[in-house]
Every structure is written in C-alpha cells, then in structure tokens.
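Here is the structure we will look at, set down as structure tokens.
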Amino acid sequence: MSADCSVGSNPLAQLNKHAQQNPALRQVGYQNPASNVAQNFKTHVNEVSNANRFQMDQFMNRSPGFSDGQLGMAPVPSAILSHGPRFGLKKQDSGSSNMSAGDTAQHSRSWGNEFNSRSPQQGLASRVNNVERISNTNSMSSYRPGMSRIGRPMMHTGISSLHNYSHMSQQTPQMSSDDGVLADKQWNEQFEALEKAVAENLTMEDNKEETKEEIVVEDGYQADFQEVWDKLQAETADNNLETSDSQWEKDYARYMTGKATHIPPYRFDNDNQYMHNPNAYEIGCILMENGAKLSEAALAFEAAVQEDPAHVDAWLKLGLVQTQNEKEMNGISALEQCLSLDPTNQQALMTISISYINEGYDLTAFSMLNRWLDSKYPELTRSPTIDEANIDRFNLSKQVITKYLQVANALPQVDPEVQLGLGTLFYANEEFGKTIDCFRTALEVNPNDELMWNRLGASLANSNRSEEAIQAYHKALALKPSFVRARYNLAISSMNIGCYKEAAESLLSALSMHEVENVPITGSVVQSNNILETLKRSFVAMDRRDLLEKVMPGMDLQQFRNEFNF
C-alpha cells in the first residue's frame, strides 16, 4: 500500500456511506443524498438550521450524546503519532505501539478533557492553527507530536488520495450569511481539520492491520520453536526408552546413594597418529606445556598408556587432560586407572573428587577428599577413622569438612590445595558463598592457576552472578586458551544472560579444539555430547532451526564460520 492510499474509495463517499449506515447520524440536518457529495456539501451547508447547529456543537464539543462506539472511533495513542513515518513502525517498537487498554483509556480521558475544557470557539481556533501548521508540509508520510491533539478522528471514514481532497478544498465556497452559521473561512478550515483527522484514523487502522500481520508472523515463529523443542524432547524420550534396566539401576544407585557403582572402561580413539611412538608420553607433556589442543595431547597420552598400561604418570596426565577437555567420564576412567596403580596419588585424588562432584557421585567424592587429606597431612588427621561404608551423605560431608577446617587452622600458612578441597566440599553442599571465599583465598597464593579461575567462575555462576563468572572464565582462558571446559562454562553463563550468539561461538570454538589435524572426526569420541547438546539449546534460543539441524556428532564446523567467529 502506498503512502497516499488507504481504503481505495472517495473520502466523502465514505462519509456518506457511514451516515447512511449509522442511525445516530440520520437525524434532522444530516440527511444526505448519494449523488455528488462534494457539491451537496458546498451548496447546502449554508442552510444550517438551529437543529443542525445543535448537532454540530455536539460534534465539536464532544457531547456525551455521541460515544466513541457510536461514531466508530478508535483512540489513537500520542506515542504512536510521534514515532515517525507510518511505515516506519518496526517489530521491536511494539512496546510503544501496542498500548494496554488502561493506557488507551487514560489517553482518551485526557483528550476528552482537553476538548471539553475549551469553549467551542477556542477549540476551533486551536484546531485551525494545527491544520495550518500541517498544511505547510509537503508530505503526509510522517506524523508530528503536535498532531496528537486532534489525533482522534471525529468519524470513522476513509480517504483515497490527497489529490482529490486538495482539488475540492481549493474550490471557492459560495456561502450566504445566516444567524449562528460558521463563517465561510472557518467552515472550510474546520472541514479540512476533520478530513485530516479522518486520514489519521485510517492510518492508525492500517497500523493495526500491520500489527495483526506481525502477530501472525510471531505465531509462526512460536510454532516453529515449539516444533523444534518437541523434537528435542522426543529424542530425549527415545534415548531414555533405549536405556537398559541395568543402566537404570546404576542411575538409581548414583542419585540415591551418591556412590559410583560402575566406571566404564576408557574409550580410546581409533585413529591415533602417535601409536607405536616410543616418545608419545614426552610429546604429550610438551603439547600440554606449549598450550596445544588438549585433544592432541590426549592422543599422545593414549598412545603411551596403550604401549605401557602400567604407566602411572601417563594415566594421570590423560585424566587431567580429558577432564579439562570436557570429557568427564573418560577422565574419571583414566584417573581410576592411575589410582589403581598408585592409591595415594594426591593429584589424581583431588582431580577425580572434583569430577565425581560434577557427575553427582557425592559420597565417592567425599571419600576421595578424605583420602587426599589423610595422604597429604597424616600427622594432622589422627582423628578416628571415618566408617565410609556405613554413613549417610550428610554426616560424611560434615565429618570431612571438620577435618579440613582443623587442618587449615593448624597450618602456618595457606595451602591452596586444602582451600580447593574445602571449597569443593562446600560446593557439593551448595554453600557457594563459602566456596567462593575458599577459591579466592587459593588464588591469592597462586593467581596464575587457570583451573582455580575456572572453578571460581563455576561457583559464581551457581550463585547467580553470571557477569562475574564470565570475567573469571576469561581470566582462565587468558592463562590457557586451549582450556575447553572454561569455554564450555563461559557459554553457559553467556546463555544465562541472554547472549546466545556469543554462547554459540564459545561452544563452536570448544568443538574446534576437539579436532586434530590429519585425524578424521570419529563422532562422540572426539566431540563432547555436553557441548553438542548445549549448542543445540543455543540455536533454539536464537530461533535458528536451520542451524539446529546441522548439529550432530562428526559435523563439519566450517559450515558455521561464515556467521560465527570462532
């Protein structure tokens, strides 16, 4: 629809049609034949009787005799009239264009009071001044705030083009003087004001139609979103149905007892360029120290442990790498292998306890933390041995925390590892404030510990402090750019504050670090399921079904580089 077209019919013909259809207008002085409406107005308007004048006064002073419903008027909020071109209203402006009923009623009362507060002559003079200002402009495509005073049309009618109306208004009216009749100039100006008001009313109706179309489009988006969400839910349901009874029993044991009843064996990558390399372990250590991709270092350590299954340090390094690489269960499997060879390995005990907390095996984690403290400070932990086999979660947590506090108070200086263990215990009990205090104390001793910065970020995120968490994750990534888990956690916090595109970029960056040059992608072994599922959620939040359908194990990340920076 063009800027100067509305309903496609002559304005005065519409006025005539409305008068014929509305019984409230078919009274003395408002009978109007269907032929030559413009000429009728020009030649017979001078014959205004007292009854006609009373009806006109009712129009101009907004007498209660004519309600908005009778005249078919729609209130026009002034906020809309001051928002620029009529076709310039955008979806994101819906907050100003879609006013509530209460707001509309308030505007209606204020306009009514403004009209009623003036005498008929004062109201006419004000309207004439407004019309004169408007007539000086060359375009009707934009609205001005000043128009809000007469923004409510006096009748529900139509206007087809400015050309027809301007042609009629340029004719010299032939009126004879009569008692109580408006002067020639005043009548033309008033009629012009009414015609302008009619045009405004039609413009607002067009805007309403556009709003309806936008609502239909938004409903379509909502339907697409619901369809995608239902599909994801269905996939989850299918996966749950495929779960065996034994797996259900394992999950039950996990959530009801907090103990790890069965740890799956380590899943090795089938394509490993470091296999049969006698220096695989050393290569892995060099890759870690130089900030190479964790997935590449993992391949080197995998080759080392397959070459020598009793290599304790290789199992330890492999477990450390995989937990940082957002492959928790593989990391736990490697660390368990390390502990089976060296039950008092302190780094393995601390790392695996944190992994068990992440996976929900709290009792097993508390047991590991207790073992770590006994192995590190045996002289300070001579309290009675905890019966871990016959104790509930609450009491085990309480006793282990008490031991850690005793050791922390007995030490002459802060031990960051004791603070880490104590903070992990508080974290498991969702006492995140205490956790944050412990981790910050540890960072005061070692501010360049990227792992501790990541753990601090996780604690802040769980305390609903996403912005601070993001800062902590960025600090961890500044110290170690290949830290995949920190990128994953950063994506979670970004989603929590509505930054879905930034979250997707962090996740895609994390997935890209799972790729190793000259090694084909082999699906779930290489790419973390957690990252893939979170990436799907970010695309759903972005309402990007086209991208969602591309997310799958082994996908080519190059297809996302044109739109995302990673």
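We count from 1, first residue shown onward.
Cβ coordinates are placed from backbone N, Cα and C, and glycine is handled just like the others.
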(message) In Swiss-Prot, one of 41-45, 111-115, 351-355, 411-415 is tagged motif 'WxxxF/Y motif 1'. Which stretch would that be?
(response) 111-115
(request) May I ask which of the stretches 277-311, 312-345, 416-449 has the most CB pairs under 8 A with the repeat 'TPR 5' (485-517)? (result) 277-311
(message) Cβ under 8 Å, sequence separation of at least 6 from the ends of the repeat 'TPR 3' (416-449): give me the contacting residues as numbers and ranges.
(response) 346, 350, 353-354, 357, 362, 365-366, 369, 372-373, 376, 397, 400-401, 404-405, 407-408, 455-456, 458-460, 462-463, 479
(message) What residues elsewhere in the chain lie close to the repeat 'TPR 4' (451-483), defined as a C-beta under 8 angstroms and at least 6 residues from its ends?
(response) 291-294, 324, 354, 416, 420, 423, 427, 430, 432-433, 435-436, 439-440, 442-443, 489-490, 492-494, 496-497, 513
(request) Provide the three-state DSSP residue tally for the repeat 'TPR 5' (485-517): helix first, then strand, then coil. (result) 25 helix, 0 strand, 8 coil
(message) For a three-state summary based on DSSP, what are the helix, strand and coil counts in the repeat 'TPR 2' (312-345)?
(response) 27 helix, 0 strand, 7 coil
